[in-house]
Structure formats: C-alpha cells, structure tokens
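Undergrad: One structure coming up, written as structure tokens, with questions to follow.
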C-alpha cells in the first residue's frame with residue numbers, strides 16, 4: 001500500500017507542475033493596465049482606475065500606459081493603421097487596411113505613444129490573415145490577424161487586450177478609442193505623432209441601422225452627442241475598448257475601427273467591426289497557424305480560477321482514492 005501511494009505521489013507531482021505552469025503562464029492578465037499610483041511614480045499621466053486622463057478628432061493626447069495594447073502598423077516605414085495586441089504573437093486589425101498589400105514590408109511599433117521616438121521598437125510581421133468573407137465594398141467582416149515573426153516581450157507598456165463573446169452592448173461601459181489618425185479634418189494628410197484617445201458611447205444597432213443603411217449585424221456603432229469627437233482616417237484597425245459594468249479593472253476590445261460617414265459629424269456615429277462575432281474565428285485561425293489564442297467565453301469564472309479549480313479537484317480526487 002505504501003509503495004502504491006508513493007507511486008501515486010510520483011505521478012501527481014509532474015501533473016501538478018504542468019497545471020501550475022499553465023496557470024502561471026496566465027499571470028500576465030489581459031486588459032489590466034498599470035495602476036494609477038505606479039503610473040504617477042513613473043512620471044506618466046495619472047489616471048483614475050477605469051478613467052483615462054486623456055479625453056483622433058476631438059480627442060486628447062494619451063499615454064501608452066493607459067492603452068498598452070495599442071500598436072501602430074507600418075508599411076515601408078509609414079504609419080498605415082492601428083492594431084491591438086492579443087498576445088505575444090498576434091495583433092488584431094481591420095482587413096480594409098491591407099487591400100492589395102502583402103506582409104513583406106509590414107511591421108508594428110509598440111510600447112510608445114510617440115511615433116517620433118528615437119530608437120523606436122519595430123516588430124516584423126510574418127503572416128497576414130484577412131477574413132475569408134471580407135467584403136471590400138460593404139466592409140463586412142472587416143477583421144484581420146497579423147502573426148509576428150518573433151514574440152513580443154510583454155511588459156507594462158505592452159499588454160494584451162481581452163476579448164469576449166458577449167454581444168450585448170448593455171454589458172459595457174466607459175468606452176474609448178485610440179489612434180494616430182488625423183485630428184483635424186481640414187488638414188487632410190496631417191497625422192499626429194502622439195497617440196490620441198477619445199471617449200465614446202455605444203449605440204443601439206437598430207438606431208444606427210436607421211441612420212446608416214449599409215450597417216450589417218457584424219458591425220456596431222459608437223460616438224458622442226457632441227460633434228467633433230470620433231475616430232478618423234488613420235485610426236482604422238485600432239481598438240474600441242470598454243469595461244464590463246461589473247468589472248472596471250479589466251479592459252475588453254469590443255470593436256475595431258472600420259468606417260464612417262465623415263469624422264465627428266453630428267448624429268453620424270463611427271462604425272466598428274463587432275469583435276464578439278469573431279472570437280471563435282480568431283481562435284480557430286490562430287490554432288491553425290500553430291500559435292493558439294484563447295478568448296474569454298461567456299462564463300462567470302475567470303480562466304485563472306479554472307486552473308486553480310482543476311488543481312483543487314485533482315487533490316480532492318487524490319485524497320479520496
């Protein structure tokens with residue numbers, strides 16, 4: 001009997017270490033940015049939890065520590081579109097950014113809010129995946145994945161954004177859009193070097209569909225009651241991020257900047273790809289490429305707790321047998 005128990009212990013140890021390693025790999029939780037106290041110590045713009053200090057057209061300069069998932073996608077050294085970090089291997093963006101482009105000259109910049117920073121870090125793109133049903137006229141299924149040639153070194157200014165299959169816009173609050181797109185529509189072609197951010201509200205699909213007849217169910221819209229605040233040219237592919245109403249500490253990507261009728265016009269909200277409709281496609285595509293990505297399913301239990309629960313159940317089974 002003692003020998004059998006020793007044998008079970010020998011079998012248990014590697015399994016426990018394997019599960020512990022799996023849980024430890026999730027320690028860098030998506031959507032959790034630097035706390036306001038730590039940010040002040042680093043002489044960055046102070047934030048209140050869930051409320052960026054920055055207020056794109058009508059926006060204000062943002063610090064990368066407020067939106068550490070935001071990246072710039074470059075083509076031949078020029079800013080092309082925005083994107084967001086899903087994990088150390090993957091960047092999420094919009095398909096329309098890459099019309100008739102290949103990945104040979106694509107790079108991303110990350111970890112900075114200033115495009116003019118000396119010694120800026122570039123990361124080469126290895127593969128580009130456009131949605132197979134992308135419609136370049138309607139801009140339906142306007143979503144793309146970029147696989148990097150080497151993994152990102154995640155840190156306080158390079159943090160993955162969370163995604164979720166929750167589609168109900170009522171579940172979200174405190175939504176923001178970021179980008180290096182134009183800030184003044186009268187100065188076309190002039191883009192800022194400093195990242196901009198603007199707060200927006202999510203609007204009901206039926207109301208948006210009445211105003212914008214080309215809206216599909218794969219899109220959502222967001223804007224403000226004040227004209228002059230919106231995403232614009234150059235912001236495409238960037239993330240529309242929100243907090244859950246019951247959890248203001250974690251940020252989720254709800255939309256991808258896609259299209260609009262002008263920028264910041266009254267009663268004409270911006271249109272975004274609805275990310276919740278594509279989390280399973282993202283999961284399947286990344287798995288096929290050999291670099292799987294896990295999204296948060298519509299569950300009350302976080303993934304890290306699930307790991308702990310597995311460990312606990314395994315120990316209980318061990319003690320009872």
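Backbone N, Cα and C atoms are what each Cβ position is placed from, and that goes for glycine too.
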Undergrad: Test of record reading: of 153, 184, which one does Swiss-Prot tag as N-linked glycosylation site?
TA: 153
Undergrad: With the ranges 279-299, 300-320 to choose from, which does Swiss-Prot describe as transmembrane segment?
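TA: Transmembrane segment, as annotated by Swiss-Prot, spans 300-320.
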Undergrad: What's the CA-CA gap between residue 236 (active site, charge relay system) and residue 81 (disulfide bond) in angstrom, rounded?
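TA: With the alpha carbons as reference points, the distance is 5 Å.
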Undergrad: Starting from the Cβ of residue 153 (N-linked glycosylation site), draw a 10 Å sphere and report how many other Cβ atoms land inside it.
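TA: Step by step: centre on the Cβ of residue 153 (N-linked glycosylation site), count other Cβ atoms within 10 Å, giving 11.
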Undergrad: Given the disulfide-bonded residues 81, 208, 242, which one is most crowded in terms of C-beta atoms within 10 angstroms?
TA: 81
Undergrad: Can you give the mean pLDDT for the domain 'Peptidase S1' (56-287), rounded to a whole number?
TA: 88
Undergrad: Of the recorded positions listed here (142, 175, 242), which is spatially closest to residue 153 (N-linked glycosylation site) when Cα positions are compared?
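TA: Of all the candidates listed, 242 is nearest in space.
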